[in-house]
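Engineer: Annotation comment: TrEMBL describes C111 as active site, nucleophile. Annotation source TrEMBL lists active site, cysteine persulfide intermediate at C209. Per TrEMBL, ATP binding site is recorded for A10, M11, S12, G13, G14, V15, D16, S17, L36, G135. The domain 'tRNA-specific 2-thiouridylase MnmA-like central' annotation in TrEMBL covers 230-286. Residues or ranges marked as domain 'tRNA-specific 2-thiouridylase MnmA-like C-terminal' by TrEMBL: 294-371. The site 'Interaction with tRNA' annotation in TrEMBL covers H136, Q355.
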Amino acid sequence: MPTAETIAVAMSGGVDSSAVAALLRAQGHTLVGLTLQLWNQRRLAGHEGMPEAVQGRCCSIDDVYDARRVAEQLDIPYYLVNQQARFEAEVVRPFVSEYLAGRTPIPCTLCNNHLKFDQLLITARQIGADKIATGHYARNHFDETRNRWILSRPEDKSKDQTYFLFGLTQEQLSRTLFPLGEMQKPAVRVMASEAGLNVATKPDSQEICFIPGGDYNTFLRAYLDEQGEDLPDSSGELVTTTGQVVGHHAGIHSFTVGQRKGLGLTSPDPLYVLKIHPDSHQVTVGSDNDLMATELNADRLNWISIPGLDAGQTIRVSIKIRHRHTPALATLRSTGPETVQAIFDTPQRAITPGQSAVFYQEDEVVGGGWII
C-alpha cells in the first residue's frame, strides 16, 4: 500500500481504534481522525425511569475527549462528525420498531450496514482520504480468481467481529482497512502502551452505545415518552405449545426468544420464551428442549464471497445465529430473490427473529441476512 495514501481513521476513543491510528502513523501514512457523534447520552435523562445522569460508554463526552487526545498525541488532524439525526432515523427508530413488533434487533449491525461505513467513506472523500481504517477485528483482501473482495475472520478468534460486518458491500470493503486483523488483542494493548497512548488500559465497551446498562425496556419507555408517544398496548397471554393459557404479560416488547427471567410463572421445570406472536400478542413458553430447532429462514441478504445463489441452489456453510454462537454446519438453499432457508445438521438453541444469520465457509464470510 503506497505511503502517499491519505487514510481516515475511525476513532471511537477506545484502545483498538487508537492503536490503529498509532500503527498507521508509524508506517508513515498521512492520517485524519474521524469520530461519528451518534447519540447524546444525556438526551433522555429523567424520562420514564431513566436516571438524571446517564453514564454512557461509546459516544460519551469522555470517549470524544479520549479520541481527540490520541489524535493530538499522534499529531494528526481530527474531526467530530455529527450524525445524530441520521443515527436516530436509521438505527434508533428501527430498533424501537423491531422491539415493539416482538423481534430482537442488533443495533450495531444496523449501524454498520446503514450508517457507519457509508458515512465514514462519504466524509473520507470530502477530506481527500483514499481509504478508511477501523479498529474492527476482521480481515479483508481482494481475490483475483473470483474478482471479489473477501471478508474473513481475524487472527484473534475471541475478538471476531465479522458477524457485525456481513452487510458491507464490495465497494466498502475495497476502501476499508482492518489493521488489527492479524493481531491478538493483548498485543494491541502492548502496542498502544508503547506508543504512549492514554487509552492503552481503557476497558472495552460491552454495551449498546445508546442504551447504557442494557435496559431495553426502560429505554423504550423513555424514548417514546420523549417523542410524545405512548407505549403500544401489546399485553396478552402466555401459552404453552399446546395452547394452554398459563399466565398473562404486559407487552411483547419485554421478551426475546430464549428468555427465562421475568415470565412471572411458577413451574416445577424452567420455562423459556419459545415464540412471540405479534398479531395475537401471545407469547409461547416451553422447556429448554423446545428451544432447539434445525431450520431458519432469512431475508434482506448480502453476499460477499459469492455473488449470490441461483433459484433453488444449495451450498454448505457454517452459520452463526448470534455473536457468541459457535458456527454450526448447515445446508443453505435459495428460496427467493432475497430469501434463504437453512437446515442445520444438528439442532440449534433459540433461533431468534430479528437477529442476524451469518454464513461462513472456513474463515470466509459468504454472506448473511436477517432471521425471520
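Cβ coordinates are placed from backbone N, Cα and C, and glycine is handled just like the others.
The structure displayed is predicted, hence computed values, not measured ones.
Mind running through what each feature is packed against?
Structural biologist: Using a 10 Å Cβ-Cβ cutoff, C111 (active site, nucleophile) registers 25 neighbours. Taken residue by residue with DSSP, C111 (active site, nucleophile) is part of a helix.
According to its DSSP assignment, C209 (active site, cysteine persulfide intermediate) is coil.
Annotation note: S12 (ATP binding site) sits in a coil segment as assigned by DSSP. For S12 (ATP binding site), the count of additional Cβ atoms within 10 Å of its Cβ stands at 22 [all protein chains shown].
Helix first, then strand, then coil: DSSP counts for the domain 'tRNA-specific 2-thiouridylase MnmA-like central' (230-286) stand at 3 helix, 20 strand, 34 coil.
For H136 (site 'Interaction with tRNA'), the same-chain residues lying six or more positions away in sequence with a CB closer than 8 A to its CB are D16, Q161, F164, L165, F178, L180.
Within 10 Å of the C-beta of Q355 (site 'Interaction with tRNA') we count 25 further C-beta atoms, all protein chains included. According to DSSP, Q355 (site 'Interaction with tRNA') sits in a coil region rather than a helix or strand.
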Engineer: Give the distance between the Cα atoms of C111 (active site, nucleophile) and L36 (ATP binding site), rounded to the nearest whole Å.
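Structural biologist: Pair distance, Cα basis, whole Å: 11 Å.
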Engineer: What is the separation, in Å, between the Cα atoms of L36 (ATP binding site) and C209 (active site, cysteine persulfide intermediate)?
Structural biologist: 12
Engineer: Just to confirm my parser: what is the rounded mean pLDDT across the domain 'tRNA-specific 2-thiouridylase MnmA-like C-terminal' (294-371)?
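Structural biologist: In the predicted model, the domain 'tRNA-specific 2-thiouridylase MnmA-like C-terminal' (294-371) has a mean pLDDT of 98.
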Engineer: Any idea what the Cα distance is from A10 (ATP binding site) over to Q355 (site 'Interaction with tRNA'), rounded to a whole Å?
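Structural biologist: On Cα coordinates alone, these residues lie 26 Å apart.
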